[in-house]
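Asks: Input: one structure, supplied below.
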Amino acid sequence: MSGNSPVVYFYDPEVGNFHYGPGHPMKPQRLAVTHSLVLNYGLYKKMNVYKPYRASYHDMCRFHTEEYMQFLQQVTPGNVAEFTKCLSSFNVGDDCPVFEGLYDFCSRYTGASLQGAAMLNNNQCDIAINWSGGLHHAKKFEASGFCYVNDIVIAILELLKHHPRVLYIDIDIHHGDGVQEAFYLTDRVMTVSFHKYGNYFFPGTGDMYETGLESGRYYSLNVPLKEGIDDNSYAFVFKPVITEVIKCFRPSAIVLQCGADSLASDRLGCFNLSFKGHGECVKFVKDLKLPLLVLGGGGYTLRNVARCWTYETSLLLDETISNEIPYMEYFEYFGPDFTLLSDKGSNDNPHNANSRTYLENILKYVSENLRNIEHAPSVQMHYTPPDWFDGTDTTAGHQLSESEANNEFYDTKDENKEKDVSCKKPDNNEK
Ligand SMILES: [Zn+2]
């Protein structure tokens with residue numbers, strides 16, 4: 001392992017073992033499969049691999065209410081009947097079920113994002129990767145869209161201790177509503193979300209005209225897209241929007257949510273991005289050379305989520321990897337072609353409903369709004385709250401040696417591995 005790699009990567013060997021329940025499209029196992037590919041491509045040698053810290057109750061209450069966190073801490077599949085009255089108020093039920101180890105799951109994915117933010121603050125890395133994070137729908141006092149605790153908001157709050165302005169970019173197919181809502185009134189965080197909008201597509205927010213309020217006016221930016229968007233059309237809006245945002249907002253750190261449900265053939269999505277088109281956005285943001293926290297998010301065709309995030313790990317490391325999937329414990333998931341960037345013909349959404357005129361109009365509107373913030377706000381940082389930890393505390397989540405990384409992770413056997421072969425379109429718009 002290189003001693004001073006600019007990239008840190010978090011992986012909790014337990015995080016892939018949680019189950020939302022039979023038939024639920026969100027499968028944490030995708031994280032174990034992604035990690036297995038990252039290991040077997042040898043990418044772990046090029047970055048510092050950490051078994052992350054687990055977020056405490058107190059950490060999670062930095063955004064969420066105590067009432068809601070207490071509920072998450074106490075509820076189990078066994079005692080859920082005692083909480084009947086709370087379930088609907090916390091929006092827990094079908095989409096966001098109570099499953100075994102729910103609180104523990106939240107604490108693990110949130111801890112990794114928080115530690116990533118703290119290490120960026122301390123200049124211990126240039127890029128921090130947590131594919132288990134990116135749960136952008138969770139609200140202050142309720143669960144939403146398979147998300148319970150909003151690790152993104154908690155990580156951004158940590159970054160704000162050192163950074164006057166943080167940019168959040170979201171390329172999940174769903175609107176990044178939880179993050180937008182959390183920072184809707186402030187000019188210190190600019191949220192930029194590219195997503196499918198219209199026809200009641202979940203969560204229903206993210207119209208171009210949602211731009212923020214009070215001090216936050218013009219600091220929420222939405223790019224509502226229609227079904228079937230392809231690589232060229234996506235890049236046509238993504239690149240100029242981000243370029244202009246950087247110029248006007250001048251962030252000193254970026255958080256990038258890389259939801260993989262914007263890929264073609266996603267079980268719940270309806271966009272038509274290839275791995276290269278999705279990865280192009282990641283590369284574009286990386287090339288801005290600002291401290292960067294990279295997170296996962298949605299993604300419901302398991303093998304493609306693993307392909308996407310492995311490929312993007314290689315892009316973040318500037319490493320070229322073979323298109324042939326290395327032999328590993330989930331090898332059979334990648335048949336029949338066993339390639340990384342498989343050129344699937346199974347295109348569910350061949351029609352790109354985004355006309356050039358439609359996209360040009362969005363660009364024009366965004367550009368007009370950004371003109372209002374042409375000068376980056378000067379943030380008076382009178383008081384910097386104490387760091388959550390300085391990243392050198394070994395109890396806070398430890399770095400794995402090469403052999404440790406290898407052994408620990410090669411040994412994990414998931415007896416319940418469930419192959420996600422379903423690519424059928426849902427009959428309703430889930431997340
Ligand atoms: Zn999504």
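Backbone N, Cα and C define each Cβ position, glycine as well.
So TrEMBL has the following annotated:
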type: DOMAIN; residues: 24-314; note: domain 'Histone deacetylase'
type: BINDING; residues: ASP95, GLY145, TYR300; note: substrate binding site
type: ACT_SITE; residues: HIS137; note: active site, proton acceptor
type: BINDING; residues: ASP172, HIS174, ASP261; note: divalent metal cation binding site
type: REGION; residues: 385-431; note: region 'Disordered'
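Structural setting of the listed features?
Replies: There are 28 other Cβ atoms within 10 Å of the Cβ belonging to TYR300 (substrate binding site).
Neighbour count (other Cβ atoms within 10 Å of the Cβ, all protein chains): 30 for HIS174 (divalent metal cation binding site).
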Asks: If you measure from the CA of ASP261 (divalent metal cation binding site) out to 10 Å, which recorded positions from the list ASP95, HIS137, GLY145 are inside that radius?
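Replies: Among ASP95, HIS137, GLY145, not one has a Cα sitting within 10 Å of that of ASP261 (divalent metal cation binding site).
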Asks: Of the residues named as substrate binders, ASP95, GLY145, TYR300, how far apart in Å are the Cα atoms of the most distant pair?
Replies: 14
Asks: How many neighbouring Cβ atoms, not counting its own, are there within 10 Å of the Cβ of GLY145 (substrate binding site)?
Replies: 23
Asks: Taking only the recorded positions HIS137, ASP172, HIS174, which one has a CA atom nearest to the CA atom of GLY145 (substrate binding site)?
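Replies: So, spelling it out, the nearest of the recorded positions is HIS137.
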Asks: For ASP172 (divalent metal cation binding site), list the number of other Cβ atoms lying within 10 Å of its Cβ atom.
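Replies: Other Cβ atoms found within 10 Å: 27.
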